[in-house]
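Notes follow the structure.
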Amino acid sequence: MLWSIVCNPHCLFQCFLPDTSDARRRSREIDAMLKRDRRMPPVVITLEGSDRGGISTFLKQMRLINGKEYNHKEVLEFREVIYDNIIQGMGVLVQERKKLGIPLHNSTNEMHEMLFESLDWRVTLEPCTFQPYVEAIDSLWKDSGIQEAHRRRSNFKLYESVKYFFNNIHRIGQLNYLPYNQDILYACKVRENLGDHYFELRDSPFTVIKGSVMRYILPKLGKYLDIDTPIFYIIGSSDYDKIFCGDNCLIQSMNTFECLCNSKGLLNCPIILLFNKMDLLAEKIQTSDIRKHFPEFQGDPHRQEDVQEFLVQSFQKRKGNNSRNIFYHMTTAVDTENVRKVFESIKVDIITCILKDSQLL
């Protein structure tokens, strides 16, 4: 379900469901106008938000949606990343289970745990060296003790993607395994190169930049700032119970958003809030009460719509009194069709804002 939002002095955060026929008509008109005026530079999109919010996944989706598949060398690199995510993820769960004093259900899994305690992390894993861990991973993941440690993962750092990989361990453990696109979307690189990305979407040119807006983006955008650079601000919606460096991750995200809204150099830039990880949010609200971390929450803590509304209102309060354009969407970055629909919808809004400001519309 797509939600869109627009903020202006007379109407703060008015929710609406888009008229798809009208949106298609507007999209065709904008595409035709862009074809007539080839002088228009690429739309520069800035991706902002916490590193845990799903920025890298969103960039990978944009690449795949625009038809740029990963070559064989890149697929092999992602295979190594996936192996590393799995091994390190299970190692973290084994370590944290012991710290939390959670007993194993199956005592034979104590031998399996020893594999991850004695692992040489410097070893580069290949299919033949990864395969011996498959049985141990499968057995440990089915153990209620490891499951309980995973349920308490908000207390320690763990990639959310490990659950997906553990559930697909027998496919991933095959000697001829090559990652699917979906596997690549879940893969988490420790130091991922998130440089500039250029692509076209139905003849509309876009340049995507990821980085710190205040320290990096402003000087880099240069001449593009006069066309009201759109900013995608990605929020890890399921991070309401996570603590990083002593602070709540969602509050950290709100604080950064507030700085973004009040930055004088960005007052004319429309902001698109992407409340990401809706799939994880739906799962988490069943076991983690948001009221423990946000006592001001009113509503049913197990009802996703109530939690979504609270998230929107919380960011609304940080916006202040400025009259900038703000849009929002609920997204799941690993869901290709969801991202495709969201991006098509907000593309129309972005280009409409730019053309209006450029007096082309």
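Note that the numbers count up from 1, one per residue, in the order the chain is shown.
Including glycine, each Cβ sits where the backbone N, Cα and C put it.
Sequence annotations record features per position, and here TrEMBL assigns Mg(2+) binding site to Ser56. For Ser56 (Mg(2+) binding site), other Cβ atoms within 10 Å of its Cβ number 20.
Per TrEMBL, the feature GTP binding site maps to Asn276, Lys277, Met278, Asp279, Ala333. Taking Cβ-Cβ distances under 8 Å and a sequence gap of 6 or more within the same chain, the neighbours of Met278 (GTP binding site) are Ser237, Gln304, Met330, Thr331, Thr332.
Summarising the environment of Lys277 (GTP binding site), the number of other Cβ atoms within 10 Å of its Cβ, over all protein chains shown, is 26.
Largest CA to CA distance in the GTP binding set (Asn276, Lys277, Met278, Asp279, Ala333): 9 Å, whole number. Long-range C-beta contacts of Ala333 (GTP binding site), restricted to its own chain and to partners at least six residues apart, with a cutoff below 8 Å, comprise Gly54, Thr57, Phe58, Gln61, Leu185, Ile234, Asn276, Lys277, Val339. For the binding-site residues listed here (Asn276, Asp279), the lowest count of other CB atoms within 10 A around the CB belongs to Asp279.
Distance noted between the C-alpha atoms of Asp279 (GTP binding site) and Ser56 (Mg(2+) binding site) is 17 Å.
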